[in-house]
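A quick write-up on the structure given underneath.
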């Protein structure tokens with residue numbers, strides 16, 4: 001069974017055999033054949049889309065698996081990190097507590113040392129005074145040898161008195177210790193009484209709050225009841241309530257006053273007892289001190305006490321040195337532990353950052369694939385909806401009549417003048433290709449020539465003294481920017497080199513202004529290279545602009561709407577098929593020579609959009625912006641004017657045919 005296109009071709013052939021064909025009629029026939037060829041290529045395109053959807057499903061599965069692996073690893077690392085951090089905090093807290101304890105002990109030891117040193121100084125003064133008196137006594141002894149017997153008897157008497165005094169001193173010291181103990185007990189009882197007073201005050205406040213709450217509740221209940229009774233009953237209940245509340249207040253105030261009086265009486269009595277005990281103890285201590293001063297005339301006891309104090313002082317100093325050494329060791333141990341924990345935390349952060357970077361790369365790839373698949377689906381749906389085509393392939397048409405189509409179209413200029421230009425579309429796209437072999441990459445190049453941005457993607461600082469940025473704008477002279485001799489780009493940092501005409505502020509090390517150049521330049525081919533101090537190219541980014549112009553025509557004869565693609569400029573002027581649309585790189589390809597149309601289109605049309613691809617030379621992500629200019633009258637739907645009449649869709653592999661008259665070649 002013949003298709004509608006075959007029937008139209010048969011009818012056209014019969015008419016052509018019976019009547020001579022006009023140039024317009026020949027053009028229509030040739031366009032019908034081209035439309036049939038488009039159907040074949042659309043079928044190939046649909047197969048390609050299906051294969052891409054299959055690949056996308058596999059990639060989605062891989063991305064899902066990668067996300068699950070990354071989430072599990074991040075959760076494990078996070079748990080380990082939190083556990084290690086908790087252990088480090090516990091260790092730090094224990095070290096801080098031990099340090100505080102050692103500092104307290106050190107302060108106590110220092111106070112004891114100061115007290116012992118003062119006592120030692122005082123006893124040394126007493127020793128010197130006693131030695132001077134000993135000399136006087138020896139002189140008296142020499143002058144009073146005659147009264148030796150009397151002195152000996154007095155000596156025995158004095159020795160007895162000394163023994164009695166020592167006993168009294170021991171008793172007084174015991175009494176002093178007991179007085180101190182009583183004073184401490186009194187202070188503890190005082191603190192206890194103050195605590196009880198505070199507790200009673202809090203209980204009083206609590207009782208007040210309870211009574212206030214009960215009062216409010218009682219008022220609320222009475223107010224509820226007063227709604228149902230008359231005014232006389234209401235006044236009676238209010239007076240009763242006021243009397244009851246007044247009695248409650250009086251009772252509570254009496255109890256509070258009684259508690260206060262009892263507490264004050266108890267506190268005053270205990271305070272008076274403590275004061276009396278302190279006074280008695282101070283009197284006893286004064287008497288004891290006087291007796292001790294009298295007893296210090298004995299050199300032997302002073303010497304013994306002095307030697308004992310010196311021994312105690314030496315022991316305290318040794319203990320102090322031991323404590324200082326122990327504190328130093330604890331500090332060193334704490335520093336080592338903290339350094340190890342910080343190093344482990346830095347390693348975990350680095351691993352987490354690496355995994356996040358890998359996940360971000362996978363996510364970027366997924367987003368790019370989703371964008372491309374969405375665009376392909378929209379294009380195919382628009383073509384199928386407008387042309388109502390089935391995916392069944394037809395036989396390929398030879399391209400032998402392409403030249404006749406071109407010549408007859410030119411010869412029938414008088415007929416084509418009847419066509420009205422409905423709409424035209426201009427697409428300007430920027431394709432970027434980057435390559436990096438070192439730590440620093442050219443991250444971004446401004447299309448208007450305002451700035452160039454570099455990024456250090458490594459974990460180490462990069463010295464960039466005397467490095468150069470070389471900018472080549474097509475056939476224009478080479479521009480070279482040289483970094484300062486001591487410039488260093490830190491790890492993960494970004495530096496932007498602004499042209500002086502951009503109006504940026506010089507703020508090293510993140511923003512540098514090239515005062516010698518007003519602009520970095522702009523054009524259809526921009527190549528930016530980073531050269532190190534040895535002259536080696538370590539990074540490069542190339543930006544190429546391509547421009548295509550698409551026109552949408554309408555014929556007024558019996559054949560209706562048909563596709564027509566204009567390949568702007570002189571590209572493939574002699575012969576060739578309509579251009580193919582490469583789905584992967586999103587550039588228009590010549591159907592004859594397979595070269596990008598931007599080389600032939602050059603700078604034709606208006607620049608209104610850009611296509612930006614980032615990453616290495618092996619992959620690119622493209623986003624295209626376009627505008628639409630409408631001329632003439634009439635027009636189709638959005639899908640007819642903007643998408644389906646713009647490009648002839650085919651597979652991603654360009655056709656291989658003769659390229660005799662191709663301007664690209």
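A Cβ is built for glycine as well, from the same backbone N, Cα and C atoms used for every other residue.
Owing to the predicted nature of the structure, the values given are computational and were not obtained by experimental measurement.
Annotated features in Swiss-Prot:
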- 32: SUMO2 cross-link (CROSSLNK)
- 201: SUMO2 cross-link (CROSSLNK)
- 208: SUMO2 cross-link (CROSSLNK)
- 219: SUMO2 cross-link (CROSSLNK)
- 233: SUMO2 cross-link (CROSSLNK)
- 260: SUMO2 cross-link (CROSSLNK)
- 270: SUMO2 cross-link (CROSSLNK)
- 311: SUMO2 cross-link (CROSSLNK)
- 378: SUMO2 cross-link (CROSSLNK)
- 420: SUMO2 cross-link (CROSSLNK)
- 450: SUMO2 cross-link (CROSSLNK)
- 486: SUMO2 cross-link (CROSSLNK)
- 428-545: domain 'LTD' (DOMAIN)
- 626: O-linked glycosylation site (CARBOHYD)
- 629: O-linked glycosylation site (CARBOHYD)
- 1: N-acetylmethionine (MOD_RES)
- 108: N6-acetyllysine (MOD_RES)
- 155: N6-acetyllysine (MOD_RES)
- 260: N6-acetyllysine (MOD_RES)
- 265: N6-acetyllysine (MOD_RES)
- 301: phosphoserine (MOD_RES)
- 417: N6-acetyllysine (MOD_RES)
- 431: phosphoserine (MOD_RES)
- 500: phosphoserine (MOD_RES)
- 573: phosphoserine (MOD_RES)
- 633: phosphoserine (MOD_RES)
- 662: cysteine methyl ester (MOD_RES)
- 81-218: region 'Coil 1B' (REGION)
- 243-383: region 'Coil 2' (REGION)
- 266: site 'Heptad change of phase' (SITE)
- 330: site 'Heptad change of phase' (SITE)
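Projection of Swiss-Prot feature records onto the structure.
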residue: 108; record: N6-acetyllysine; Cβ contacts under 8 Å, 6 or more apart: none
residue: 219; record: SUMO2 cross-link; Cβ contacts under 8 Å, 6 or more apart: 241
residue: 265; record: N6-acetyllysine; Cβ contacts under 8 Å, 6 or more apart: none
residue: 266; record: site 'Heptad change of phase'; Cβ contacts under 8 Å, 6 or more apart: 193
residue: 311; record: SUMO2 cross-link; Cβ contacts under 8 Å, 6 or more apart: none
residue: 330; record: site 'Heptad change of phase'; Cβ contacts under 8 Å, 6 or more apart: 95, 98, 99, 102
residue: 500; record: phosphoserine; Cβ contacts under 8 Å, 6 or more apart: 513, 514, 515, 516, 517, 518
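Residue 378 (SUMO2 cross-link) sits 25 Å from residue 32 (SUMO2 cross-link), taking the C-alpha atoms as the reference points. Cα-Cα distance from residue 208 (SUMO2 cross-link) to residue 260 (SUMO2 cross-link): 15 Å (rounded to the nearest whole number). Secondary structure at residue 450 (SUMO2 cross-link), as computed by DSSP, is coil.
If you measure from the Cα atom of residue 260 (SUMO2 cross-link) to that of residue 450 (SUMO2 cross-link), you get 84 Å.
For the region 'Coil 1B' (81-218), residue counts in helix, strand and coil come to 137 helix, 0 strand, 1 coil, using DSSP.
In this structure, residue 431 (phosphoserine) is part of a beta strand by DSSP. Comparing the recorded positions 155, 260, 378, 450, 486 by how many other C-beta atoms lie within 10 angstroms of each C-beta, the top residue is 450. Nearest by CA distance to residue 450 (SUMO2 cross-link), out of the recorded positions 32, 431, 486, is 431. For the region 'Coil 2' (243-383), residue counts in helix, strand and coil come to 138 helix, 0 strand, 3 coil, using DSSP.
Reported as a whole number, the C-alpha separation between residue 431 (phosphoserine) and residue 155 (N6-acetyllysine) equals 120 Å. Secondary structure at residue 500 (phosphoserine), as computed by DSSP, is helix.
Sequence-distant neighbours of residue 201 (SUMO2 cross-link): no residue of the same chain at least 6 apart has a C-beta under 8 Å from its C-beta. Between residue 32 (SUMO2 cross-link) and residue 270 (SUMO2 cross-link), the C-alpha separation comes to 121 Å.
Spacing of residue 155 (N6-acetyllysine) relative to residue 486 (SUMO2 cross-link) is 93 Å (Cα to Cα, whole number). Applying an 8 A CB threshold to same-chain residues 6+ apart, the list for residue 270 (SUMO2 cross-link) reads 186, 189, 190, 193.
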